[in-house]
Structure formats: C-alpha cells, structure tokens
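Sequence annotations record features per position, and here TrEMBL assigns DNA-binding region to 18-88. Positions annotated as compositional bias 'Basic residues' by TrEMBL: 1-10. Here TrEMBL flags 18-88 as domain 'HMG box'. Annotation comment: TrEMBL describes 1-20 as region 'Disordered'.
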Amino acid sequence: MSGRTRAKSQKLKDSNAPKKPCNAYAIFYQHYTEQFFKKNPGNNIDRRFLTQQISKAWRGLTEDEKQPFQEKAAKDKQRYLNEMEVYKNSEGYKKFVKKQESKLPDIPIFSKEFLKHNKDRDTDLRQIRKEIQLLEAKASPIVENINTTLKELDALHHSTQEHEILEKEKLMGAWTRKLIPELERAGLLEELDINYNTSPEDFIETLSSSYSNDMLNKLKGAFDKFYLPLSAD
C-alpha cells in the first residue's frame, strides 16, 4: 500500500457518457409532474412544494403500485449498463479518464489534508440531507391540497354522471307510463312498429319517416290525451 490516496478538487463531468439511469422514484416524479400540469395548465405552483407533495405520494404507494415504476427503472438501468459497456471501449472515454486523473492530487492517508477532505465531504452530505428534509416539509401541505382537489374533481364528475342517468330514468318512466299506453289504445304500436321497449330516441327517429295524413291525425289524437312534462317528474 502506498500510503497515499487521491482526492478530487473538482469533479469533472463527462459530457459524452451515456445518460445515467433514473430510479423508480425519479420516474414516478416525472410521471406525477406531467399529470399535474396536464390537469392544471398554466399553474405556477412552487416546485419545492410540489416536490414535497410528490415525495409524500410516493411513500403512500403500495408495493404493487410502485411495481410499474420499479420495472421501468430496472429497464433504464440495463440500458445504461449496455451503453456504458460500449462507451468504456471508446477513445472518448479513455481521454476523459486521463483528463480526470490529471486533476486529482495525491494526498497522504491520515494527513491533515486527507482528514480535512473527508470532513468537508461529510459536512456537505449533512447539509444536503438537511435541505432535502426542509424541502419535503415545505411541500407537504401543497401536495395534500393537490390530492384533495383531484379527489373532489373526480367525485364531482361521478356525481354529474349519476344525475344524468337519474334524469334519463325519470324520462323513460314517464314515457313508459304515459305515452306508450295512449299509442296502444289508439292501435298505433303495431303500425309504428314500436313497443314498450322502444326508447324515446328510437320513437323520434321513427316519426322522422314519412307517414300519411291519416297516421299523423291518429298520432295527434293520441298526444291530445296525455301530457308528458319536460322535467319527467
């Protein structure tokens, strides 16, 4: 052992290297962000708050819900390994390694410089962790509000659909109770080729066909005997 190590004064970035793989959370983050701005175009939400909200949403997922994102991450990692294997045999990679090594000074192990280097690195890592925790704490309320809003919109959508179905059922009930019996008493069901299962839409389509004046008079007589309110109450 030489008793010396290398410390990096500044990490060089290899612009020619393959794109690093995304983990499952990063893929979820991108998916969540795209969905949010798709549903809320033009929203100028603070990205720090959004990040905290996404982090909370991720922690709330079950393992089954995380599975699709984990599969994508595994696929992306394999892509990176394959591309990196090819890249490491290239001249570009060899030049980068040479350049990187020339930037790293030799530092004796356990020297003051070495100990200071490790201390500075640990300090940086602790600071990064603190900043991440702070961002998560700030973003949590806004993410919760986003989830609540999305749930309310979904509930409103279902409520509107249920109301439309109810109104249609009321109309069908009035149609069956009032109009069909009168047409039957007038002897027009067979002539119009309709029955109790015929919908109001089909009946209207039938009326759009050409009929004789006699038929129209019979229909008028049947209509005069009942009143079908528009509200279907």
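Every residue, even glycine, has its Cβ placed from backbone N, Cα and C.
When pLDDT is averaged over the domain 'HMG box' (18-88), the result is 90. With DSSP classes pooled into helix, strand and coil, the tally for the domain 'HMG box' (18-88) is 54 helix, 0 strand, 17 coil.
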